[in-house]
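Just below is one structure, and these are the notes that go with it.
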């Protein structure tokens, strides 16, 4: 461990963690595609926190944009069932660190450790839907809901995390993004048109996994994934097939043998440990046609949610998220300036003041003549794909 003024440098899993002296007792808790997460103690508050290092955020414009998007979303979305950003800073090595509250575990770990009792299944489903109602009201789609992105503490308080892949509500959404098991069929079928309903499909997959203790659609690849979906739901209806934009995908779907759907009451007949209302809600989430899929708002009013549903305590986001930056095709240096500006703004909002390193870096790049973009971003016909 090396101390350098306000920062302490240590190696964890071969990764350099360079954090402010405010945080001590680092211990690794998880590794993702875009960063390493450690638990730590916040000396200022005495609380346990999670510190997420974003790996090489300025190595490419795509990664810089992804990090900027996640930061903007974490600043904007403030809800009891969403992870809360408590601090953010840049290290002397120009790595970015997000500090959030520390949850004891995630749903994936919980599901692999023991079966869930029905009251926990119900309460966790309610909290996911409560958080999603807020997210969708802000004009945001999560796009990557899965058990490992559902954090839970010892009091069974649940928080949705990892908004790095979140996107604007847009009828021309593109690309594969979510983990395959939880991916809505319209993403696989069209690669083009989808909306908030993709998140409800993911919730249905998560609810089923909580009920049975194993993934509902464990596809080995995209073809197998779609095939096992049709084993339960039957062949997609004609109006869904008509929305398929790819000729290759259309030919593949049309080549499949016709399958009749299996009633959910029959498929989950052995799941006597949960209420029939849970299976009914599941059937309303896992529908081929996204237009017929239940919304988060309506799902909260479903009889299965009745023990927890309280319309006066299920808030929406008062201000839509500003996606004006999202189609911008900007160089890394510009994203860097924008990122520094957002970090300074965050510290001004929370009243803590930005750390000196950030202010010095901001002054330095301004001296180098790199200017932040105007409100009119350079537009591109299509956003670069983020994997």
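Here the Cβ of each residue, glycine as well, is placed from N, Cα and C on the backbone.
Cross-referencing 332-359, 360-387 with Swiss-Prot places the feature region 'Disordered' at 360-387. The secondary structure of residue 144 (active site, proton acceptor), as reduced to three states from DSSP, is coil rather than helix or strand. Residue 144 (active site, proton acceptor) sits 16 Å from residue 31 (ATP binding site), counting Cα to Cα. Long-range C-beta contacts of residue 35 (ATP binding site), restricted to its own chain and to partners at least six residues apart, with a cutoff below 8 Å, comprise 52, 53, 54, 55.
For residue 37 (ATP binding site), the same-chain residues lying six or more positions away in sequence with a CB closer than 8 A to its CB are 28, 29, 30, 31, 50, 51, 52, 53. Counting every protein chain shown, the number of other Cβ atoms lying within 10 Å of the Cβ of residue 29 (ATP binding site) is 18.
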